[in-house]
Each structure stands twice: as C-alpha cells, then as structure tokens.
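The domain 'G-protein coupled receptors family 1 profile' annotation in TrEMBL covers 33-274. Residues or ranges marked as transmembrane segment in TrEMBL: 22-42, 49-68, 102-128, 140-162, 168-192, 213-235, 255-276.
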Amino acid sequence: ENISDFSLNVTDCTQVVVPEEVFFTVAAAGILENLLVLIAVVRNKNLHLPMYFFICSLAISDMLGSLYKTLENIFIILCKMGYLTRRGDFEKKLDDAMDSMFILSLLGSIFSLLAIAADRYITIFYALRYHNIMTLQRALIILAIIWTFCAGSSIAIALFSYEAATVIPFTILFPLMMFFILCLYVHMFLLARSHAKKIASLPTSAVHQRTNMKGAITLTIFLGVFLCCWAPFVLHILLARFCPHNPYCACYMSIFHVNGTLIMCNAIIDPMIFAFRSPELRSTFRKMFCCAR
C-alpha cells in the first residue's frame, strides 16, 4: 500500500488494475483443473507412479497459488467495505498466514519442477534401471522431504520477512533453482543428441529418439511457462525490497495486479501442457465425466 501511494508521486505510470471478476474466474479455473488432476490420479491405480505423484505435488502448489490470490482479493474487498482494518493485530496475523501460503506455493512449485526434471532425466537415460532407482517409496520420501522443508521455510520467511538475512536467501533461491533445472534440461538435450548419433543405425532408434525429444521439449516448455508466470512477481518483490523509491522501480510495480494474474494463469496452463497430454490421464478424465453424466 505504501509503495503504491509513493509510486504515484514519483512516476507518471498509472496503476494497472485487473477487475476482481477476472481474478476470481482465473483462480477458480486453476483450482478446478488441478483438482481434477488430483482426483484422476487418486482414482486410477495405473497412475500410482512416481511421475504422477510429482505432478500431483505441482498441482497442489498451483492450487495454493490460486487460493492465495483468491483469499487475498476477498480480504481486500472486506477492507474496502470496512469489515477489516489494515493495521489491526488480527489482520497482521492474517497477512502473515497469506504470505506463508504464497511462499509455500512458490517453493513447492520450484522443488516439484526439480523432482519432475530429475524423474524425466532418469527415465530417458537410465530407462532399464528406472524402476530400481525411482521406486514409489522413494518418491513418497522425496515428496515428504520437499513439503516439510517448504512448509518450514514458508513459515520462517513469512515471520521474518523484514529481516535482510531471510529475504536475501529467499531471493537467491528462486534464480538458483531455476538455473539448476535449466542446466539439467540442457544436459538432457546434449546427451539425447549424443545418444541419437550413436544408435542411429538401430531399427528402433527413430521412435526412441522422437519419444525422448518430445518429453524433453515438453519439459522445456513447462519450465518456460513457469518462468514467464512467476518471474515478474518475484522481480516485483525484489524491487519493493531493494529500490522502492526509484521511479523506474515504482513504474514497474504499477503492474502488480497483472503479475498476480500471471501466477494464477500458470495454474491453468500447467495441467494443459503436462498432465492433460498424458493418454492415461485423458482416458481417466473421460471415464470420470461419463460416470458424472
């Protein structure tokens, strides 16, 4: 609020306001799509595999992001109507809980993406040993560690967000994890290209190569969408923390509502790119809809 008021005095950029109806529509669509993914995986025993469990982890993160923006807008509306104050003790605790949910969504998405990337890497280059390396028990242990760490980190960051010692590691974590995942994808592409040259003479090489490259390209698009949707909001946090009085920073922060909408759009796009492209998931969805009818 203070940053928005100050930006009006130091820059000519006007605040870009997204209608509340758009927020609620996009958030509801994101929650519904990811909820369908969770229900499909739970109902179909053929989907009880490490890869789909990691997809469910990402779906939960996306749902938390959409739920965060939905609740935030509801509380803003209540404040405008006079039912809540901006500086009360209850509102302060509520704000901390909301911030914790947002950070949990961000960290959960990053580590879920990392788990999916590692799973795809093992699938492509250690196909014969995949079921020995990535067992269902190990996948559940990995998810338990991820969400325990994310929950603890989100609570700590939300409670001590004004401390530079906490804010700086958090701002470093996002680009660092994205860089690590990007390096993993580049490594997959290079190895896939090398393997393709070595096995070019085999009869099944063409089909195998197309399958590997299709999976790698899909994951690359998946990561690109995540960066496009989350990076603007993370940049907003950095600018608000380190240069709130700069006119150029204030001008960028005038599109705060647009950046928040992008986060919710990520929850809609994720199932379409990754989960809905699975033939097994599509078959499960058709059975679910037919039973509903």
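Using the three backbone atoms N, Cα and C, a Cβ is placed for every residue, glycine included.
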Which sequence-distant residues neighbour the transmembrane segment (255-276)? Criterion: at least 6 residues beyond either end, Cβ under 8 Å. 4, 15-18, 22-23, 26-27, 29-31, 33-34, 36-37, 55, 58-59, 62-63, 65-66, 69, 109, 116, 218, 221-222, 225-226, 228-230, 232-233, 236, 282, 285
Among the ranges 49-68, 140-162, 168-192, the one whose Cβ pairs under 8 Å to the transmembrane segment (102-128) are most numerous: 49-68
Grab the same-chain neighbours of the transmembrane segment (49-68) for me: Cβ-Cβ under 8 Å, and only residues 6 or more beyond its ends, written as numbers and ranges. 26-28, 30-31, 34-35, 37-38, 41, 98, 101-102, 104-106, 108-109, 112-113, 115-116, 119-120, 123, 134-136, 138-140, 143, 146-147, 263-264, 266-267, 270-271, 274-275, 278
Long-range Cβ neighbours of the transmembrane segment (22-42) (under 8 Å; 6 or more residues past either end): 48, 52-53, 55-56, 59-60, 62-63, 65-67, 69-70, 73, 260-261, 264-268, 270-272, 275, 281, 284-285, 288
